[in-house]
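Reviewing the structure listed below.
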Amino acid sequence: MVLKIGLVGCGAIGAEIARAIDSGEISGELVAVFDHNVERAEELASSLEVRPILSELEDLVERSDIVVEAASQKAVPEVAKAALERGRDLMIMSVGALLDRSLLRMVEDLAEENGSRVYLPSGAISGLDGLKSAGAGRIDLVTLTTTKNPKGFLGAPYIEEMKIDLDAIKEPQVIFEGTAEEAVVAFPANVNVAATLSLTARGARVMVKIVADPDAEVNIHQITAEGDFGRIITRVENVPSPRNPKTSYLAALSAIATLRSIAEPVKIGT
Ligand SMILES: NC(=O)C1=CN([C@@H]2O[C@H](COP(=O)(O)OP(=O)(O)OC[C@H]3O[C@@H](n4cnc5c(N)ncnc54)[C@H](OP(=O)(O)O)[C@@H]3O)[C@@H](O)[C@H]2O)C=CC1
Ligand SMILES: O=C([O-])CC(=O)C(=O)O
């Protein structure tokens, strides 16, 4: 059976996913795309060999086996409800939205009631396999230190609220420290990975430090997890997406790898 994929969000990640389906790297059919920026959706659809239709959310869900959210945290409630109420599977990239407990409960309940599966790719970080295993025991603390070029933080609510002048940063500077819950609200387009860590660590405390480094050419996510299992330390130096410096290329690749594994009969890894 060919997996019918509906894509919400035609930006950096959405475009990579669409191309991977178009080239046959993911064995599936991109049946429909939706973006509130209609021009962006049109541009993506017309760049593909097999052109998906441009549709509104409800219609996209109707046509899909799996709905892929690659839009924004704000899009998640509506997309999740539309997909899960119709029993469709769902992949969420804007994972930060799920640190809102009532939304997480809604997603879990609707998925269970309607027999849907919800996929949260590992995104721009590594080490979730070990953290998932560790969560079967006790995890005491997880820390995430994210370093990006200041231009990657442009437009973040925290930067605007605190009136931080990103152009004035001339050396590496810690611009934020807080919990994962605080971080995903303050920087919704930068540290969704904090939410993925938090959900994987099954409620263990996840503390986030964000560093703006004017010399940074890569997006670095360094993770330390400690518990009765010992300690895990991982660090990824991510190539930023050329279309969106906030987003690392690895995040798009993790979405592609997740879709591939859904479409394939043999599953590898934790
Ligand atoms: N889990 C992870 O590890 C990672 C997650 N992410 C997250 O994944 C998501 C996609 O990332 P990326 O592709 O880089 O983002 P982009 O900003 O490049 O693309 C997102 C696209 O979706 C559109 N969009 C936003 N909100 C809505 C909505 N409510 N309905 C329809 N379209 C919408 C945007 O339009 P417009 O620009 O006009 O708003 C834009 O065209 C983001 O939330 C990002 O923060 C990113 C990297 C890693
Ligand atoms: O792509 C990245 O480096 C991580 C990111 O933006 C996010 O988690 O939101």
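Every residue gets a Cβ built from N, Cα and C, even glycine.
What TrEMBL records for this protein:
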DOMAIN    9-121  domain 'Aspartate/homoserine dehydrogenase NAD-binding'
BINDING   Ala124, Asn192  NAD(+) binding site
DOMAIN    169-256  domain 'Aspartate dehydrogenase'
ACT_SITE  His221  active site
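Structure with TrEMBL features highlighted.
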{"residue": "Ala124", "record": "NAD(+) binding site", "Cβ neighbours (10 Å)": "26"}
{"residue": "Asn192", "record": "NAD(+) binding site", "Cβ neighbours (10 Å)": "27"}
{"residue": "His221", "record": "active site", "Cβ neighbours (10 Å)": "25"}
Between His221 (active site) and Ala124 (NAD(+) binding site), what C-alpha distance do you get in Å?
8
Per DSSP, three-state class assigned to Asn192 (NAD(+) binding site):
helix
Looking only at the domain 'Aspartate dehydrogenase' (169-256), what are its DSSP counts of helix, strand and coil residues?
24 helix, 40 strand, 24 coil
